[in-house]
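Student: Take a look at the following structure, please.
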C-alpha cells in the first residue's frame, strides 16, 4: 500500500477479499484500524449474475439449474459452487469478526446503489468521516445499462459508466429453482441482518 499522509485516505478494492479465509488476518496484521466496506446484494440475484458473467466467457457451461443442485430431486443445493457459496454472507462475516469489530465495517446495499446512489454513498462518506459532497446531481440513469452513471468522471468532461461486463441481461431461470434458492438463503440472510444490524430486504 502507498504511504498515506494525515488527512488522506488510501482505498483499495478486491471483490475476493470478503470470501478469502486468509484475508481478515492478513489485513489485520497490516493495520488493525483499517475500515472495511463491503457491497452486498440479494444472494440469489448475485448467483445468477455470477453465472451470466461466466456464461459470457464460456458459452458451453452447463445450465444454471444443473449447477445449482447436488441432487435436484432431493432439492440439495451445491454449496461448493462458488456462485452459491459467495452469497452465504453470514458465514464469511464470522471470519472477519474474529479480527475486526463490526463498527469498522460498512455493508453497502447493491440494490440501493442503483435506486439511490447518492444516499448510499452518503453512508460511505459518513463512515469514512468525509464531508458529504456526492449528491443526486452527480448521477443520471442510463436506460441501456439499467443503473446510474456518473455525469462526469473526476478530471474528465465525459460521463462515466461501469464497463460492458456490468448490466448484462440475465438468462431466464426456472422459477422453482429461484424459489428453492430463496428458501436456502433465507436463514443465512436473517443471520446476516442480525450480525450487521441492517435488514437488506432480500426476503420480503
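Keep in mind that glycine also has a Cβ here, set from the backbone N, Cα and C atoms.
Please treat TrEMBL annotations as automatic predictions, because they have not gone through curation.
Features from TrEMBL:
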type	residues	note
BINDING	41, 49, 166, 167, 168, 169, 170	3'-phosphoadenylyl sulfate binding site
DISULFID	149-161	disulfide bond
DOMAIN	27-186	domain 'Sulfotransferase'
Student: What's the CA to CA span in angstrom from residue 149 (disulfide bond) over to residue 41 (3'-phosphoadenylyl sulfate binding site)?
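Tutor: About 18 Å separates the two Cα atoms.
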Student: Please list, in sequence order, the residues in the chain of residue 161 (disulfide bond) that are at least six apart in sequence and whose C-beta is under 8 Å away from its C-beta.
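Tutor: In sequence order, the residues whose Cβ lies under 8 Å from that of residue 161 (disulfide bond) (at least 6 apart) are 142, 145, 149, 150.
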Student: For each of 149, 169, count the other CB atoms within 10 A of its CB; which of these recorded positions has the top count?
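Tutor: Max Cβ neighbours within 10 Å, all protein chains included: 149.
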Student: Count, for each of the binding-site residues 41, 170, the other C-beta atoms lying within 10 angstroms of its own C-beta, and report the residue with the smallest count.
Tutor: 170
Student: Take the Cβ of residue 49 (3'-phosphoadenylyl sulfate binding site) and count every other Cβ within 10 Å, whichever protein chain it belongs to.
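Tutor: Looking across every protein chain shown, the total is 18.
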Student: Return the average pLDDT for the domain 'Sulfotransferase' (27-186) as a whole number.
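Tutor: On average, pLDDT over the domain 'Sulfotransferase' (27-186) sits at 90.
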